[in-house]
Amino acid sequence: MPWFFSPVARIRHATQKRLAEVTPHSKDFYILISFSSALAALGLLMNNTAVIIGAMVVAPLVTPLFVLSLSVLILQGTDLWRSLLSIVFGTLLSLFVAAAIGSIASVFATEQTFITGEILSRSKPDMLYFVVACISGLAGTFAYARPKIKEFVTGIAIAAAIIPPIAVAGIALSINNMFLFRQSMLLYAFNIVGICFGSILMFVVLGFGKELEKTNSTTQT
């Protein structure tokens, strides 16, 4: 199926171009993270699924995960650290924004009414979430690497649901609920690891592993 494999050089060029948009120095990245976290926190507190979905559409965290996966596969240290920093800083910012909104909201509500169904649903991680994240990583990387269908990455970001768990963790911090914090962070970790695992598998299918082998052979020669 030759149509299935995109030229590696083109995919790499597109990947490096998008990397510039998600570096730790990108203001746009942090602005979108802030908006996404705020929407997610509000949607969770309102128990409003539509608002939470809107937050996932805005979230830019999926792209650095793909970049991280590619960097691990082709052993590019610089891109690896840049994408890691983007993920770490984005996570910390999301926690801060969600915790700030949770602190304000907690003034007007008790913890009993504060913990909504949407929040509770993200406090029970299991392996099915990991499977969903893996499939999202596979599908997202395929779409990410093919310009004609890259717009579908947004829908895959919704399926992966990265931002809501971290927003729940921020809300949990605001009310000092460590059990909820640990559970939501575990779900967040499931999503991150699952997406990266699926992404690496798809990059291998797309030929990046073969490219690395050729590069190593040339170097040894």
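Any Cβ shown, glycine's included, is placed from N, Cα and C.
Residues or ranges marked as transmembrane segment by TrEMBL: 29-46 (among others). Listed as Cβ neighbours of the transmembrane segment (29-46) (distance under 8 Å, sequence separation of 6 or more from its ends, same chain) are residues 21-23, 52-56, 58-61, 86, 89-90, 93-94, 97-98, 101-102, 105, 114, 116, 118-119, 122, 163-164, 166-168, 170-171.
Sequence annotations record features per position, and here TrEMBL assigns transmembrane segment to 52-75 (among others).
The transmembrane segment annotation in TrEMBL covers 87-108 (among others). Counting only same-chain residues 6+ beyond the ends of the transmembrane segment (87-108), those with a CB under 8 A from a CB of the stretch are 24, 29-30, 33-34, 36-38, 40-42, 45, 60-61, 64-65, 68, 114, 163, 166-175, 188, 192.
According to TrEMBL, the feature transmembrane segment maps to 128-145 (among others).
Marked as transmembrane segment by TrEMBL: 152-173 (among others).
Annotation comment: TrEMBL describes 185-208 (among others) as transmembrane segment.
Within the same chain, residues 5-6, 8, 11, 62, 65-66, 68-70, 72-74, 87, 91, 122-123, 125, 127, 129-142, 145, 160-162, 165-166, 169 sit at least 6 positions outside the transmembrane segment (185-208) and bring their C-beta atoms closer than 8 Å to a C-beta of that stretch.
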